[in-house]
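To keep things clear, I will list the structure first and then write my remarks on it.
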Amino acid sequence: MNIREAIAAVVARRDLTQAEAASVMEEIMNGTATPAQIAAFLTALHIKGETDAEIAGMAAVMREKATHVYFDGPVIDTCGTGGDGAHTFNISTTAAFVAAGAGLTVAKHGNRAMSSVCGSADVLEGLGVQIELDAEGVARCLRDAGIGFMFAPKFHPAMRFAGPVRREIGIRTVFNILGPLTNPARARYQVLGVASAALAEKLANALSRLDTVHALVVHGDGGVDELTLSGPNLIFEVRAGHALRQMIVAPEDVGLERAPREALRGGDVAYNVALVRAILSGEDRGPRRDVVLLNAAAALVAGDVAPDLATGVKMARASIDSGRALERLHRMIAVSRGEA
């Protein structure tokens with residue numbers, strides 16, 4: 001199916017198969033689709049609503065076109081789709097260091113702020129990490145620091161064909177949710193935060209169509225794209241060879257206290273950098289630490305090193321209290337800057 005046929009099908013509200021969506025994405029990613037065709041397709045798909053099969057087909061092509069990072073061993077990614085308007089601090093980025101301190105190798109894939117004030121790239125840069133590394137530089141961080149960061153624009157060169165169109169049409173499209181599914185290090189373990197419950201289930205089903213080994217797709221209380229402390233959280237567990245499993249987990253279920261969403265608010269880059277340092281150093285021991293423990297626990301479960309979230313919280317706490325989480329940050333800064 002070519003993109004003109006796909007536009008006609010989607011306008012008629014017909015869902016594409018995974019293979020058809022992949023075929024269209026090939027045209028977009030190799031530059032043969034025109035800007036007008038890309039805009040028409042993305043807009044029509046947005047109006048119809050993307051299916052998990054369509055998302056998976058497009059993600060598979062985007063993964064293949066990415067500049068790959070090669071690492072000999074399993075890696076996990078922790079990220080969210082954004083767009084929740086909650087203005088929390090960089091929870092998943094902080095949790096990544098805690099998970100790394102507990103033994104996981106974290107291949108974080110992210111960008112600068114889109115809908116927030118401070119994205120993962122912004123806070124890491126503020127912490128002193130060199131964020132614009134090439135594939136070998138990231139692989140070196142994974143090997144020597146246990147955590148690496150892939151700055152999305154640098155690893156998805158084929159996005160140059162769709163990027164200008166996305167900016168011009170100015171609406172959220174399927175590309176807003178493809179980023180977290182297209183890790184250049186081919187992370188087969190993942191924690192993916194989603195602001196919409198319906199989209200969370202859809203992305204969980206999309207991950208099950210890809211080569212995922214174990215993932216937790218989480219939707220926080222109040223529509224946050226992280227596990228949060230304000231109430232019950234919805235979790236979809238994706239495990240290779242198993243049916244999708246749905247869970248509801250409240251903070252008290254894993255030994256943590258509830259806290260209002262306002263307690264997790266972030267600020268500008270300088271503010272969030274100070275927060276990350278305070279949490280990893282053990283100085284901040286309030287709800288911001290607790291929400292990091294909860295999200296790091298999810299990574300430890302998805303990464304198959306913790307049997308359940310309650311155990312994961314204990315392991316995450318030990319990662320901070322032992323100094324291992326902060327050491328991962330210091331190590332990542334040094335390795336990324338060529339100082340180690």
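Any Cβ shown, glycine's included, is placed from N, Cα and C.
Swiss-Prot has this to say about the protein:
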type: BINDING; residues: Gly80, Asn111; note: anthranilate 1 binding site
type: BINDING; residues: Gly80, 83-84, Thr88, 90-93, 108-116, Ser120; note: 5-phospho-alpha-D-ribose 1-diphosphate binding site
type: BINDING; residues: Ser92, Glu226; note: Mg(2+) 1 binding site
type: BINDING; residues: Arg166; note: anthranilate 2 binding site
type: BINDING; residues: Asp225, Glu226; note: Mg(2+) 2 binding site
| query | Are there any residues in the same chain, six or more apart in sequence, whose C-beta is under 8 angstroms from the C-beta of the residue listed as 'anthranilate 2 binding site', and if so which? | reply | Leu42, Thr173, Phe175
| message | Between Thr88, Ser92, Asn111, which of the binding-site residues has its C-beta surrounded by the fewest other C-beta atoms within 10 Å? | response | Asn111
| message | Below 8 Å Cβ to Cβ and six or more residues apart, same chain only. Which residues does that give for His109 (5-phospho-alpha-D-ribose 1-diphosphate binding site)? | response | Asp77, Cys79, Phe149, Met150, Ala152, Phe155, Gly179, Pro180, Thr182, Asn183, Pro184, Ala185, Ala187
| query | Of the binding-site residues Gly80, Thr88, Asn111, which one sits closest to Glu226 (Mg(2+) 1 binding site) when you measure Cα to Cα? | reply | Gly80
| task | Could you tell me which three-state DSSP class Arg166 (anthranilate 2 binding site) falls into? | result | helix
| field | Spatial separation of Gly80 (anthranilate 1 binding site) from Asp225 (Mg(2+) 2 binding site) - C-alpha basis, Å | value | 6
| Can you count the other CB atoms that lie within 10 A of the CB of Gly80 (anthranilate 1 binding site)? | 25
| note | Expressed in Å to no decimal places, the gap between the Cα atoms of Thr88 (5-phospho-alpha-D-ribose 1-diphosphate binding site) and Gly80 (anthranilate 1 binding site) is 12
| Across all chains shown, how many C-beta atoms besides its own are within 10 angstroms of the C-beta of Arg112 (5-phospho-alpha-D-ribose 1-diphosphate binding site)? | 16
